[in-house]
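**Student:** According to TrEMBL:
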| type | residues | note |
| --- | --- | --- |
| DOMAIN | 43-294 | domain 'G-protein coupled receptors family 1 profile' |
| TRANSMEM | 28-49 | transmembrane segment |
| TRANSMEM | 61-89 | transmembrane segment |
| TRANSMEM | 101-122 | transmembrane segment |
| TRANSMEM | 142-165 | transmembrane segment |
| TRANSMEM | 213-231 | transmembrane segment |
| TRANSMEM | 243-264 | transmembrane segment |
| TRANSMEM | 276-296 | transmembrane segment |
Amino acid sequence: MADHNHSHFQHLYLVLAGIPGLEQKHHWMAFPLGALYVIALFGNGVIISTIKSDLSLHVPMYYFLCMLALADVGLALCTMPSMLGIFWFNYKSIDFDACLIQMYFIHTFSAIESGVLVAMAFDRVVAIWKPLRYSAILTNGVVCRTGAVILTRAVCVVFPVPFLIKRLPFYGSTLLSHSFCLHQDVMRLACASTHVNSLYGLIAVIFTKGLDSLSILLSYVFILRTVMAIASGEGRLKALNTCVSHTCAVLIFYVPLIGVSVIHRFGRHLSPLTHVLMANAYLLVPPVLNPIVYTVKTKEIRRKIIQIFVQTKITEGG
């Protein structure tokens, strides 16, 4: 009976990891890390406020960009408390239930971002394939329903994950591999078979990131075929130029994601530093770089940032 009770004991707290080998220099890394979060929150906030306030941007392409920015803000806010807690205050403990909540929201916002990238790819397909019927096909109702489907899918697919983790016994190591909670990392600490968790995790990834990446790939195949049918070289270049920002956003999201997945599956012999850096890149790079990419490519957003900068200077001067 004692063994049975002991086998279902769970630690109240788990221990998050900083950067292995650089523990004494965490305080130096707090400033660039804080700067990255400021860039992510400020940049995505500017995109959201610009699209909301500028009526000329109330079109499907920018509605989807606003959804992408909201997902990036969500990802940044999910990881910020634990990351800054470690590097600013050297606080590494996290309550087990809080870890599960953080894990749920990280994977949910990641799935939302993946779904939004698919919607943006479809938006580019319609814009290039049927430019004259663009507004008729992608109405506000279609955009709203698309956003609702993306949100519902992410919430429902990730919902069972914390409960599957919660049923497992944890009475061994409490040390996680990252500065935040991921499903694969928490599952690794369980002292029982995790086949069900692994199977469901694989199904969830295939149903979200797998199908999404395939859909984006097929969309670009269709886009390239359509563009190649355009007679003039200038017309081809102009059509492809409308896809540059989205292509960058896809690469920014999927390259670190694929890297993390490969390392978790096949890179157990690699140093802990490699695992940590790849996981941080997976969750920090998209929220930081997406606003920069879309700011460079969108003059309305650039103008908004310049206005904010000028107003700040005027306020300081006054």
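Counting begins at 1 with the first residue displayed.
Cβ coordinates are placed from backbone N, Cα and C, and glycine is handled just like the others.
Just so you know, TrEMBL annotations never went through curation; they're auto-generated.
Show me how these features fit into the shown structure, please.
**Tutor:** Beyond the ends of the transmembrane segment (28-49), by six or more residues, the same chain brings 19, 22, 65-66, 69-70, 72-73, 76-77, 80, 83-84, 87-88, 284, 287-288, 290-292, 294-295, 301, 304-305, 308 to within a C-beta distance below 8 angstroms of the stretch.
A Cβ distance under 8 Å defines the sequence-distant neighbours of the transmembrane segment (61-89), meaning residues of its chain 6+ beyond its ends; these are 16, 18, 26-27, 29-30, 33-34, 37, 40-41, 44-45, 47-48, 51-52, 102, 105-106, 108-110, 112-113, 116-117, 119-120, 123, 127, 140, 143, 147, 150, 179-181, 249, 283-284, 286-287, 290-291, 294.
Below 8 angstroms of C-beta separation, residues 61, 64-65, 67-68, 71-72, 74-75, 78-79, 82, 94, 146-147, 149-151, 153-155, 157-159, 161-162, 165, 180-183, 186, 204, 208-209, 212-213, 215-216, 219-220, 246, 249-250, 253, 257, 283, 286 of the same chain, each at least six residues beyond the ends of the transmembrane segment (101-122), sit close to that stretch.
Tertiary proximity for the transmembrane segment (243-264) is limited to same-chain residues at least six positions away from its ends with a CB under 8 Å from its CB atoms, namely 68, 110, 113-114, 117, 120-121, 124, 128, 184, 205, 209, 213, 216, 220, 223, 270, 274-275, 278-279, 281-282, 285-286, 289-290, 293-294, 297-298.
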